[in-house]
Amino acid sequence: MMNISLRLRRPPWMVDSNGRRMTSHFQWLLLTFILLYLMNQVTSEKRGAPRDLKCITNNLRVWDCSWKAPSAAGHGTVYEICIENRSHSCYQSEKTNTKIPALLPGDHEITINRLYDFGNPISKFTLNEKNVSLIPDTPEILNLSADFSTSTIHLKWNDRGSVFPHQLTVIWEIKILRKENMEIVKLITHNTTVNGKDTVHHWSWTSDMPLECAIHSVGIRCYVDDPHFSGRKEWSDWSPLKNISWSPDSQTKVFPQDKVILVGSDITFCCVTQEKVLSAQIGQTNCPLIHLDGENVAIKIHNISVSANSGTNVVFTTEDNIFGTVIFVGYPPDIPQKVNCETYDLKEIVCTWNPGRPTALVGPRNTSYTLFESFSGKYVRFKRVEAPTNESYQLFFQMRPNQEIYNFTLNARNPLGRSESTILINITEKVYPRIPTSIKVKDINSTAVMLSWHLPGNFAKIKLLCQIEINKTNSVQELRNVTIKGVENSSYLVAVDKLNPYTIYTFRIRCSTETFWKWSKWSNEKKYLTTEAIPSKGPDTWREWSSDGKNLIIYWKPLPINEANGKILSYNVSCSLDEETQSLSEIPDPQHKAELQLDKNDYIISVVAKNSVGSSPPSKIASMEIPNDDLKVEQAVGMGNGILLTWNYDPNMTCDYVIKWCNSSRSEPCLMDWKKVPSNSTEAVIESDQFRPGVRYSFFLYGCRNEGYQLLRSIIGYIEELAPIVAPNFTVEDTSADSILVKWEDIPVEELRGFLRGYLFYFEKGERDTSKIRGLESGRSDIKVKNITDLSQKTLRIADLQGKTSYHLVLRAYTDGGMGPEKSMFVVTKENSVGLIIAILIPVAVAVIVGVVTSILCYRKREWIKETFYPDIPNPENCKALQFQKSVCEGNSALKTLEMNPCTPNNVEVLETRSAVPKIEDTEIISPIAERPEESSDAEAENHVVVSYCPPVIEEETPNPGADEAGGASQVVYIDIQSMYQPQAKPEEEQENDPVGGAGYKPQMHLPVTSTVEDLAAEDDLDKAAGYRPQANVNTWNLVSPDSPRSTDSNSEIVSFGSPCSINSRQFLIPPKDEDSPKSSGGGWSFTNFFQNKPND
């Protein structure tokens, strides 16, 4: 590169103040100079000056610099290149490039000019290492090969490290191309280091596609990474591509063939054929086709699974043919597990191991094992068997003489990989002897034998530890360890002592080394019977007197095997008194009882057992026992399988204690078994196979002093208490109206099955077949329960019962073992006569008292009751006030018919005077003009009868005041004439002033004889308001009845009230009194007549 520079400096005279006046002139001169210089440079270039200097390096030693020649330069032009400040700094070249040694860091000035060409300018350049590019030479591939069985490409090239001045890091980039279109399938980098000399590098790559399937090409380039070089660093050019050469086989079309791959891998299969492939499948699965060059196709399988032992088929189908291969998918060998090496006989080492995870590969692809020993350098190969025992393999390695330490390495290998496991052992500490054989037993004496056996192996250099197992019947096994020196002939002998005479023993043997690694397996059992000896003890003896007290029965127990020391043949029983001994005949072995007829003297009884060797020591017992007056019977309960008896320590007991027991329900003599306990004991557990739950047993504790036994305690008890099996039998002794007396009997001991704790008595009301006491323990309130814990009580009186009532009674006994069954009955209490009498008298007395009180009250209030509920009702037949004159009903046009109106009940009050006014029965209706006797108003109010009456609903009518003034001796006053439409009653003042409001039903009214105009007008005014009018126009009446009354003055116009005429039928409502008709006697009885007073009838 050429740099053109121009340096301008101010002259000193331009600095002072005088120079400022020259500034403008100097600037013009400077610009003129620059312009001339630039024109000269342009003219020079046009004439052929070199330009664009560039330098590169391939090895950091030499820089290759080049420039562009001018267009005017011709052939044969020679350039001179000079570098300042360097010796031999000028170089000549006929080309436009030259190589110069690498320059030091910094700027360097380089000039280039053409020689022999006058007038040409010189080109100057500034060159720095930063402007130099480091571009390595293009690498060269020395060799490219392929392993088609594994689809692996092997690349080899030279790094040319000798051209570099020092150690550098070189980065290689390798590309793999596939198929005819040069598709890049892999681009990787590979780092190496050059150190000043040429080195050949190797690199391998495994293709995911078989190399036979398509063309594979490889190219390489490099990049030098020198940290000290400050210039630009660039990649070299790619090397020429090299291809993998493969010659097609006419037989094989599918690749890879018989491939073994790892489970879970991805694999590609291809079919190389000129035919068109229609489909492809692996196993039973169809796969999509991948098209390659020509008609070649491929399929890719992802995450392939384990194949069968025979492999998995891969098939390509064309129109005419089927091509295929087999693939085997499995695992690499697992690390051998549980590797163990030991010896049985110190002659041969056996190593065993577990292969671990199955590889799923069989046949030639199966795992092979090799056992290598590093100290000796020997190895053995595993010979495969079809079915290894217990999934464990083993190899045998012959021991080397005088070698005890072995270092084994077990190698495992199959087509998918390899693994190994190592073990270091001292073989003398890893001895696992074989099973001892040929066991023999010989007698030494009755308590010792000699054992011999055979143990294969050469154990002369070590000691053996053997264990002897000794078993005998009904005894805990015994293990004895013995240490013996190993021998070469494998025969061993050991004495076993401390045995029991006449005892069957079973012997077994196993062995190991003294350092112990493993016991051998147990040998076969060897049974042996030791010889007999004299019995070591006399029989266990007891005596009982017969029930009549005349004979003494001697009992003894058979000697146990460890005391009999042989087969007992017979027993000898003798008795002595005052040093006189009487011996009985020998008693054969099966019999263990003898009966002696003795008096009440204290004899010493001796019993001796005999076997084939001799007699046992005698067992002695006194015939009489020491009496004990202070003896109480106690109770005890066992623990399920036995019963615990305790007592206080007694130093006077010199020999031992004897506990005997029997079933309490059996007859005398009571003896089931006995047990002797040392004299220093204070308790004993009595156990027997004959004990049964719920059975009462008697236990007797005897203490021995001065060769005599004394009964110390008498105990009855149960091994386990149960509930009674029967209910107590009870009866009713007496019944009354309020109580029941029951009585029951004891339950037999055999059926009680425990200690009786009490009775539960239940009772409730209930009839037979209807009352069932359920859930007696549930606490029902209607069931009464009595718990009887006094066992001496045999009767119970149930009080506070109801008479003539049925009761359900239930009785149950209970023990600590549970509740027994129930016994029930129904009882009816007697009738309570006193209660019945009281029940009758109380209601009668109450009724009498209520009647008397009611009578007194009614008598005192009789008038009020009569007036209130039953007032006197006048007899219409005896009423003369209603008899009118005939003229009243004849031809009087003023009379009018009555009108029917709704009727509501009303009350009619009839006032009677006691003296002045005649009785209503004898009074006749008189004319209004007749003179009426005076009557007192007080008398009118004193005595009146209220009669129920039902008039029609009427309009009220004010009575004529004149009528009141002309009142006669008798009058009828109508009160409380109520209408359903009538307003509430008004005060008397309002009624007197209101003529309409006081009108009601008034059949009789007193009117004046001569009617005035005012009266008529008032009457007309009251027509609408007046109520019931029994008299209308008299002249219009049609008298049908011959007995109808008529007015004597038919011409006089009067208004009649209380008409006897019917409204509709115009019949007289109240017929006149007929003298001829029979009188009503009023003899008919009614409840109302009971309260009425009729003195005049």
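Backbone N, Cα and C define each Cβ position, glycine as well.
Annotation comment: Swiss-Prot describes 1032-1067, 1086-1097 as compositional bias 'Polar residues'. Residues or ranges marked as domain 'Fibronectin type-III 3' by Swiss-Prot on the basis of sequence analysis: 435-534. Residues or ranges marked as domain 'Fibronectin type-III 5' in Swiss-Prot (evidence: sequence analysis): 627-719. Look at Swiss-Prot and you will find 724-833 tagged as domain 'Fibronectin type-III 6', backed by sequence analysis. Annotated N-linked glycosylation site per Swiss-Prot: N85, N131, N143, N303, N445, N481, N489, N572, N663, N680, N729, N787 (among others), in sequence order. Residues or ranges marked as topological domain 'Extracellular' in Swiss-Prot: 45-833. Residues annotated as topological domain 'Cytoplasmic' in Swiss-Prot, with sequence analysis given as evidence: 855-1097.
All features noted in Swiss-Prot, drawn onto the structure.
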residue: N131; record: N-linked glycosylation site; Cβ within 10 Å: 16
residue: N303; record: N-linked glycosylation site; Cβ within 10 Å: 8
residue: N445; record: N-linked glycosylation site; Cβ within 10 Å: 12
residue: N481; record: N-linked glycosylation site; Cβ within 10 Å: 9
residue: N489; record: N-linked glycosylation site; Cβ within 10 Å: 8
residue: N572; record: N-linked glycosylation site; Cβ within 10 Å: 18
residue: N663; record: N-linked glycosylation site; Cβ within 10 Å: 17
residue: N680; record: N-linked glycosylation site; Cβ within 10 Å: 10
residue: N729; record: N-linked glycosylation site; Cβ within 10 Å: 12
residue: N787; record: N-linked glycosylation site; Cβ within 10 Å: 10
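Every protein chain considered, the tally of other Cβ atoms within 10 Å of the Cβ of N143 (N-linked glycosylation site) stands at 11.
Using CA atoms as reference points, the glycosylation sites N143, N303, N445, N481, N729 were checked against N489 (N-linked glycosylation site), and the closest is N481. For N481 (N-linked glycosylation site), none of the glycosylation sites have C-alpha atoms inside a 10 Å radius of its own C-alpha, out of N303, N445, N572, N663, N729.
The distance from the Cα of N143 (N-linked glycosylation site) to the Cα of N303 (N-linked glycosylation site) comes to 34 Å.
You'll find the Cα of N663 (N-linked glycosylation site) roughly 25 Å from the Cα of N729 (N-linked glycosylation site). The glycosylation sites shown are N131, N303, N572, N680, N729; of these, the one with its CA atom nearest the CA of N445 (N-linked glycosylation site) is N572. Ranking the glycosylation sites N131, N303, N572, N680, N787 by the distance of their Cα atoms from the Cα of N729 (N-linked glycosylation site) places N787 first.
Put simply, N131 (N-linked glycosylation site) is 119 Å from N680 (N-linked glycosylation site) when counted between their Cα atoms.
Between the CA atoms of N131 (N-linked glycosylation site) and N303 (N-linked glycosylation site) there is a gap of 54 Å, rounded to the nearest whole number. Applying DSSP to the domain 'Fibronectin type-III 5' (627-719) sorts its residues as follows: 0 helix, 50 strand, 43 coil.
Each residue contributes its Cα atom, and for N572 (N-linked glycosylation site) and N787 (N-linked glycosylation site) those atoms are 60 Å apart. Distance noted between the C-alpha atoms of N787 (N-linked glycosylation site) and N303 (N-linked glycosylation site) is 85 Å. Counting residue by residue with DSSP, the domain 'Fibronectin type-III 6' (724-833) contains 8 helix, 51 strand, 51 coil.
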